[in-house]
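> Sequence annotations record features per position, and here TrEMBL assigns transmembrane segment to 21-40, 60-81, 93-114, 120-140, 152-175, 181-201, 267-286, 298-317, 329-347, 353-376, 388-411, 417-439. The domain 'Major facilitator superfamily (MFS) profile' annotation in TrEMBL covers 27-443.
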Amino acid sequence: MTAKEKNPVDLKQAIDHRPMTLSQWLIVVMATILMMTEGYDVQAMAFTSTAVEADLGLNASQLGLALSAGLVGMMIGTATIGPFADRFGRRPVLLVALLANLVFMLLTATSSSIAELLTWRVLTGIAIGGTLTTGIVLVSEFANVKYRALALAIYSSGFPIGATIGGLVAVPVIANYSWQGVFLLGGFITLAAVVAVIFIMPESIDTLAIHHHKGDAKALPKTEAIARRLGITGQIQLPPVNLDKGNSANTYKRLFTPEYRGRTLKLWVVYFLVLSCFYFVSSWTPRLMTEIGLTAEQGIYGGMTIMAGGIVGNVFYGLCSARWDPRRVMAVFGLITAGLMVTFASTTSWVGIALTTGLILGAFINGCMAGLYTLAPRSYPADMRSTGVGTAMGVGRIGSVIAPALVGWLLEAGLTPISMFIGFAVVIVVPALLAPSLAQHRDVKRVD
C-alpha cells in the first residue's frame, strides 16, 4: 500500500483549509455574474415601472402587484427547488433554472395586459428562486473557511451590480426601444450566463458525495476531476453521508426536529423582515421619488444609487465579517440602515443630498442581505443545505412580496412616501436585534 493510499485527502477539509486557488475564485466570480443577471432582472420591473404603468394603463395597486409578481415566483422557487437540487445536483438544477429565466424574461417583453405581465413575472421569479438557492450553496461549498464570508459577500454584490447596470441602461433603452427593450436585453444577458455555467461551474462536492454513497459510479471520477482542477492531488476521500437523512422526502421534516427547529424559526424571522425592507427600498424608490415631484429619470437614478451603494456595501460587510463575528456585523448594519432610511426619506427634496444618502443606504441595506447569505448555509449540514437555505429564502420572499404590494395600497389610501420609509426603518431594527442571538443559538448547537 502506498503512502498516497494510506493518507487519502479529505477533499472538504482541503477546500476548507487550503489557500483559495484561481479556480475557486473563478467559481465565486461565475456565481456573482449569475447574481448580476438576477439583480438586473428583478430591478428591471422597478426601473420600467413608470413606463409600464403608462403603457398598460395601470393604477398604483396594479403596479404594486406587478412589482410583487416576480417576488411571488421567487418565494415559490426558493422554497420548492431546494430539494430537487439536493437530490439531482446543484449544477443541473441551476442550468434548468437559468434556461427558464431566459424564456420567461423574453416573454415578459410581449406582455400587453396586466394578466400577461403578472403571469410571466411569476414564472420568471420561480426560475430566479432556483438560481439563487443553488448559487449560494455552491459559493459556500467551494470557498475556504478564511474567505467564505468575503466570497459570499462578493456573490451577493452581484445583485446590486446587475441592478446598477440595469439602471444605467434603462433610461436610453426605454427612450429608444420602450420598456420592452429592457427585458429583451436581460434575456440575451441570461443566455450568455447559461453558456458560461456550462463551461465553468462544477457540481457540488457534497452532492457528488451523496450520489457516490448511493452507488453512482460516475460520482467519484467527477469529484477527482474537480479536485485536480482545484490543484488538490492524491487519493480523494469523500465526506461521509447519512443516506437516511439524505432522502429528500425527509428534509423538510428535519428542519423542525429539536436539533434544527430553533435555528430554522429564528432564521425565517430574520429573512422575512430583512427582505421586506430590502424589496420595499429597491422596488419602490424610483416610483416614490416621482411621487414627490422628481422626474422619471431622477427616480431611476435614485434607485440606481441605492443599488450602486450595495456594490461597496456587500464587500465591506465581507471584510468586516472576516475580522468580527458576522452576525454582530449584521446587527450593526441593520441599525445603521434604519437611521439612513429615515434620513433618505427626509432629504428627497434636495436631489443631490438624497442621491448621496441613497448611495450610503444602499451600502448598508445590501450589507444586510450579504449577512443573510452568510448566515443560512452555516446553519445546516450538506444533505439538507439547499432545502434549509431555500426554505429560509422562501419565507423571506413572503415578506418581499407583501412589502411592494402593501406600499401600492397604502399610496392609494393616502399615506406619504416619507411615512412608509419611517415605518420600514422600524421594521429592520427587529432582525438587527435578533442577529446576535441567532449566532449564540447556533454556537450552542455546534457545541452540543
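Every residue, even glycine, has its Cβ placed from backbone N, Cα and C.
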> Quick one: find which recorded stretch in 181-201, 298-317, 329-347, 353-376, 388-411 has the most Cβ pairs under 8 Å with the transmembrane segment (417-439).
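That would be 329-347.
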> Which of 21-40, 152-175, 181-201, 267-286 has the most Cβ pairs closer than 8 Å to the transmembrane segment (60-81)?
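Checked against 21-40, 152-175, 181-201, 267-286; highest Cβ contact count belongs to 267-286.
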> Same chain, outside the transmembrane segment (93-114) by at least 6, Cβ under 8 Å from its Cβ: which residues?
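Residues 34, 37-38, 41, 56, 58, 62, 65-66, 77, 81, 84-85, 120-121, 123-124, 126-131, 134-135, 138, 180-181, 183-184, 186-187, 190-191, 193-194, 197-198, 201.
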> Using Cβ atoms and a strict cutoff of less than 8 Å, what residues sit near the transmembrane segment (267-286) while being 6 or more residues removed from its termini?
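Distant contacts of the transmembrane segment (267-286): 42-43, 45-47, 49-50, 67-68, 71, 163, 296, 299-300, 302-303, 306-307, 334, 337, 341, 358, 361, 365-366, 368-369, 371-372, 375-376, 379, 391-393, 395-400, 402-404, 407, 417, 420, 424, 427-428, 430-431, 434-435, 438.
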> Looking at the domain 'Major facilitator superfamily (MFS) profile' (27-443) alone, can you tell me the average pLDDT?
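Averaged over the domain 'Major facilitator superfamily (MFS) profile' (27-443), per-residue pLDDT gives 80.
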